[in-house]
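Annotation comment: TrEMBL describes 83, 324 as active site, proton donor. As annotated by TrEMBL, active site applies to 230, 342. Residues or ranges marked as Ca(2+) binding site by TrEMBL: 428. The domain 'PA' feature in TrEMBL is assigned to 625-712. Marked as region 'Disordered' by TrEMBL: 757-865. Summarising the annotation, TrEMBL assigns compositional bias 'Basic and acidic residues' to 757-771. For 842-852, the entry in TrEMBL reads compositional bias 'Polar residues'.
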């Protein structure tokens, strides 16, 4: 928080790699994710009540004064209604809630007179124009100054919104009404919830992901508990807890019964079609569903909560963080991790429900991973790719608002808190709203008498708001007995979801053919394809093309199965193509004052040392070559010898640059893009291709950095002169990088106060897209070769290509007669499974190291001068770190 205030205030967010604030309009657009930024000091407001939870009351008082003095809510800027509600309105209300609590205690905030509530009311009125629709569902965006559909508003033309976007308003809007006595806010939020409830699919009782705000038609008809829907379910149950309205509980129970009937496939939670809920809609899960075990705890259904949480924890232990999306066999689908807090949230609730110290160990692992892999000099950086450990210059406000809060509460004793947390309910952004609001300013009818609810026979509904003394009578091993079968679910098995037909021991109709099971040599499969209206066209080059004609299907249901089969085949083959490409590499700055905390995403080369086969990587100091383009003999070989050469892209082939620096004695090379402002955040990575000749003579590693990432190294050279980097296939643990050299523990250890943690736990054996944001997989690598200036004649071999992917999408399937699976297609081929029954799955080597309170020394004796120099360097780094302490 202090780092954010020092480097970023009054900007909305901190950019932790470049140590500056993110101001919308001054940085390259990131699409929908930027709709959370409204030039209203987002992180400051979002973090207010976290300061009080951490017992930082003086800092809270100063922060409130800053908000009152500096924050302007009347900006001509288009923002997300959903994000502004949960982060800013929720932050102001949470800040007001704890401010009046502190004032009542008599020591702090004696001057406070409801200023945050006045700002919340002002913001509430600025959001209301978004509800000007016939359905009552809000527009997804609103202009803070001009509203919606105003000539200068630049918004109001949207037709769709996500279910969570429209259904995650009731807590904040109702609290605003209860605090102020102005009922209009709660009325609008209730109307939106009522409309979604009425539009649910009646036969399945599920809701879709996106809905038309004017007609109420479902635009995306898949349903799950992750992105786009998640907090709609959360707010139904929590609205019952906060407001005491039975109708919200009845709705939640109806939906929950459908979720457990169709979506829950323990330990997985898989999206299904709302009209055909027995069919999975996709073969991967997104990280936002990690909140669901915590919601199940609040509901009282502990067993599936433990199962899903354990499965997620196994994924985290494999990748250090929860990937933004992962497949049903636990491979990475989207590799980003923006430090989301949902898993920490569920960990906290499971510990509160069970008292099992295992969950303290889980929390300890989360803290260690954050400090080892995400901590950078100015804060904590989002992971651009969990596979390589590369960073993104991003620290969302929810990291301080939620992650810090839940992790602190996980380890805090009751006496560590200055107030009783049980008197409050958490919003989806972890803001605190007092439970006494249920009896204040009740101006809304509690019962929607026009709605009929399905009678559900589910004894679990008796357990809403669980009591641990009843849930686990005389059986402290209950949670462990549930976790044990899932202990190795990720590393030692490739579980395939058992179809419901198999569950019923073969009774009923056979399940439809899945793309992953399709075998071109199986006559029965070919017959099923024909029934679904899918035909095979054999091409002259030996490939086979799949085409579906719905009118040729045996029935409408078969046609729907055929469409799903084709969609699955396209998705799986696209995934196969991505996996066949070279993965991104990492450039890790290991010298003072970075010490391995800054990791840059780099593109690989199709020549030179293969870093994936040299796990230690190549480490050395960097040096800028002359000439900078590296296209002729290096004129400063004495500066380049035994170092990693930096050069600019352009004017000759990549391979020619590599040969020139290798001849000069360089041990590696980094090519920096000459396109000003280019970044791996906004452009896909690509491979550096050869020159069409034999490149076996190139033995040094070569990596490519976009302009933004390259400038980070160049800036470091200007400031520190001697800059050492590590070129590797993935970021290394800092304890591994500095093995044999004494490294100060403060570089690795957590800053959270956890003095009593070891007394609570035993040694372990071992974090919204914006609901409108679709995470992009920008890690795919295509092949690129340098293009000499001036053009030249084309030739069949050796002519450089412009920037383009290494492989292009094909609509056909390459299929050998003896191959049971189609392969080589970007649209309709199925990838090889990760492992098959009876096979041993590939084991990913996972080296785990713990920061020790003692110094680690090399077995060799170091000269005293070297030791003193190291100490002086560490003292300087410590002084620098003190200023960045959170």
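Just so you know, the numbers here start at 1 and follow the chain as drawn.
Cβ coordinates are placed from backbone N, Cα and C, and glycine is handled just like the others.
Caution: TrEMBL annotation is automatic and unverified by curators.
Keep in mind the model is a prediction, meaning the values are calculated, not measured.
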Closest of 230, 324, 342, 428 to residue 83 (active site, proton donor), Cα positions, recorded positions only: 428
Sparsest-packed among the active-site residues, when each Cβ's other Cβ atoms within 10 Å are tallied, from 83, 230, 324, 342: 324
Secondary structure composition of the domain 'PA' (625-712) [DSSP: H/G/I, E/B, coil]: 20 helix, 17 strand, 51 coil
Mean per-residue pLDDT computed across the domain 'PA' (625-712): 90
Around the Cβ of the residue listed as 'Ca(2+) binding site', the count of other Cβ atoms that are within 10 Å: 26
